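Novice: So that we are looking at the same thing, I have put the structure below in structure tokens.
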Amino acid sequence: LKDQFDNLDKHTQWGIDFLEKYAKFVKERIEIEQNYAKQLRNLVKKYCPKRSPKDEEPRFTSCIAFFNILNELNDYAGQREVVAEEMGQRVYGELMRYSHDLKTERKMHLQEGRKAQQYLDMCWKQMDNSKKKFERECREAEKAQQSYERLDNDTNATKADVEKAKQQLNLRTHMADENKNEYAAQLQNFNGEQHKHYYIVIPQIYKQLQEMDERRTIKLSECYKGFADSERKVIPIISKCLEGMILAAKSVDEHRDSQLVIDCFKSGFEPPGDFPFEDYSQNIYRTISDGTISTPKQEGMRIDTKTTVGKAKGKLWLFGKKPKPQSPPLTPTSLYTSSTPNGSQYPIFSIEPVHYCMSDIKTGKPRIPSFRSLKRGNFCLQGPALEDFSHLPPEQRRKKLQQRIDELNRELQKETDQKDALIKMKDVYEKNPQMGDPSSLQPKLTETMSNMDRLRMEIHKNEAWLSEVEGKVAARSDRRHSSDINHLVTQGRESPEGSYTDDANQEVRGPPQQHAHPNEFDDEFEDDDPLPAIGHCKAIYPFDGHNEGTLAMKEGEILYIIEEDKGDGWTRARRHNGEEGYVPTSYIDVTLEKNSKGA
């Protein structure tokens with residue numbers, strides 16, 4: 001390659017061009033990664049929920065899982081940005097710096113090669129000039145010798161002309177000898193420089209160019225590796241993001257979501273009771289002798305057909321249209337018609353007990369217009385929102401009141417802290433008047449005390465409402481227990497026809513007493529069932545339970561779980577003696593029953 005300087009020049013230029021081409025490829029890859037990360041972040045931002053009040057935060061496991069997947073996707077986008085940044089610093093930036101250094105080095109080596117070639121060309125020109133001069137002097141010396149020999153052989157030439165020709169010959173011969181020596185020296189010098197050029201200088205320059213090109217190749221190899229390492233470094237974190245997405249998918253619990261829907265829309269109202277039997281055949285009498293149907297004239301026991309039909313048409317279920325009672329109160333004897341021809345009596349069931357129940361229901365205020373609206377979850381929208389949440393069903397009302405009490409307690413704690421800080425600052429001002437005027441803090445302190453009194457009144461008022469709701473729940477559970485027992489007893493003595501067969505004295509039962517509590521039926525629709533145990537827990541830490549509604553517990557105590565944590569950090573528990581209250585979820589180790597139906 002000693003004579004391939006120009007080809008090496010082209011090759012090294014191609015190497016730098018290839019290096020810059022790869023750098024351009026890396027730059028475009030970085031732009032793709034950045035755009036991909038940006039689009040992913042925009043996608044996450046588009047579907048990520050806006051900040052909403054705490055009551056409106058999604059609690060369904062499917063929604064929470066989706067939001068967790070969005071968070072993991074956002075982290076994944078961050079890793080794509082890390083890849084782009086790593087490629088930009090480790091690969092693209094390094095390639096651009098090395099390309100600049102490589103151009104400078106190549107330029108220096110090529111300049112050295114050109115200088116060596118120029119110096120060799122100069123030596124060759126000097127040698128060639130001395131050679132041409134020596135050749136010219138030799139020709140001149142030959143001409144002088146021929147002129148001298150011609151004059152020396154010429155008999156007519158004078159001695160002076162011969163001497164002059166001889167002197168000219170000696171001068172030319174001397175100059176030819178000097179040029180000869182100079183040419184020999186120049187030739188020797190050129191040969192030495194040429195040898196040095198081709199065996200020392202040029203090989204050294206070519207070796208430097210070779211090393212430079214090899215370093216370029218090594219740098220490309222390192223950049224290829226760095227390009228892959230930038231991607232490989234984030235693979236563990238990306239794997240964690242994908243594992244997080246899988247865990248989020250596994251965390252979806254359809255039963256928990258269903259329970260949340262139940263808890264969210266649970267009203268506490270009782271379903272409507274069974275419709276009573278309405279006997280329209282009381283005017284029809286059977287005769288035993290001929291099997292025909294007769295209608296004895298008994299004015300006292302005759303019921304107006306129009307009135308009965310009107311009542312039947314007006315009888316919607318309990319929350320609908322309520323008919324007005326048009327008959328006197330039921331008496332035991334009113335259940336029987338007149339005797340049959342053989343003197344026996346048979347029971348004819350009247351619809352008067354239904355009238356009585358309907359009139360008793362009418363004394364209480366209706367809670368919801370229809371059960372259909374309860375199914376749609378629109379019972380909260382039937383009227384304006386009241387301060388005591390009395391427009392809500394019992395369970396929802398209890399939860400809303402508890403949430404408001406917690407919020408008021410937090411606000412009261414803030415005001416208390418602010419009051420303590422103002423008192424301390426006032427003491428400091430009194431001890432060091434130069435720091436401030438103590439009287440300037442009095443308006444703020446008065447305002448804070450007023451806010452505290454207002455908050456205490458609000459808390460007391462809401463706690464009274466909450467106690468009222470919980471008292472109704474407790475009273476209703478007692479009534480429900482006794483009614484269940486009575487229902488079991490009556491079921492054992494009731495015949496298919498609806499009469500009681502065990503005791504003839506109790507075949508006919510009168511209506512409920514008129515002095516019964518007028519809102520007792522409404523309370524049954526307003527209160528909730530006692531919550532069954534859905535698991536148990538063990539207290540990890542002791543809890544004092546000073547606040548109202550909380551349950552004190554000792555370390556290691558075993559409690560029943562009757563209501564899971566709804567996201568507020570409290571779990572409802574019950575002791576063996578029936579005492580209930582809320583305990584901090586972080587203070588207990590909860591074990592839920594797999595087959596439990598929940599609250």
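Placed from the backbone N, Cα and C atoms, the Cβ positions cover glycine too.
The coiled coil annotation in TrEMBL covers 124-168, 398-432. Summarising the annotation, TrEMBL assigns compositional bias 'Basic and acidic residues' to 474-484. Annotation source TrEMBL lists compositional bias 'Acidic residues' at 521-530. Look at TrEMBL and you will find 1-257 tagged as domain 'F-BAR'. Per TrEMBL, the feature domain 'REM-1' maps to 391-468. According to TrEMBL, the domain 'SH3' annotation covers 532-593. What TrEMBL lists as region 'Disordered' is 474-533.
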Novice: Would you report the average pLDDT that the model assigns to the domain 'REM-1' (391-468)?
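Specialist: Mean model confidence (pLDDT) across the domain 'REM-1' (391-468) is 87.
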Novice: Helix, strand, coil: count each for the residues of the domain 'SH3' (532-593), based on DSSP.
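Specialist: Within the domain 'SH3' (532-593) the tally stands at 3 helix, 29 strand, 30 coil.
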Novice: May I have the DSSP-based helix, strand and coil counts for the residues of the domain 'REM-1' (391-468)?
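Specialist: Per-class counts: 72 helix, 0 strand, 6 coil.
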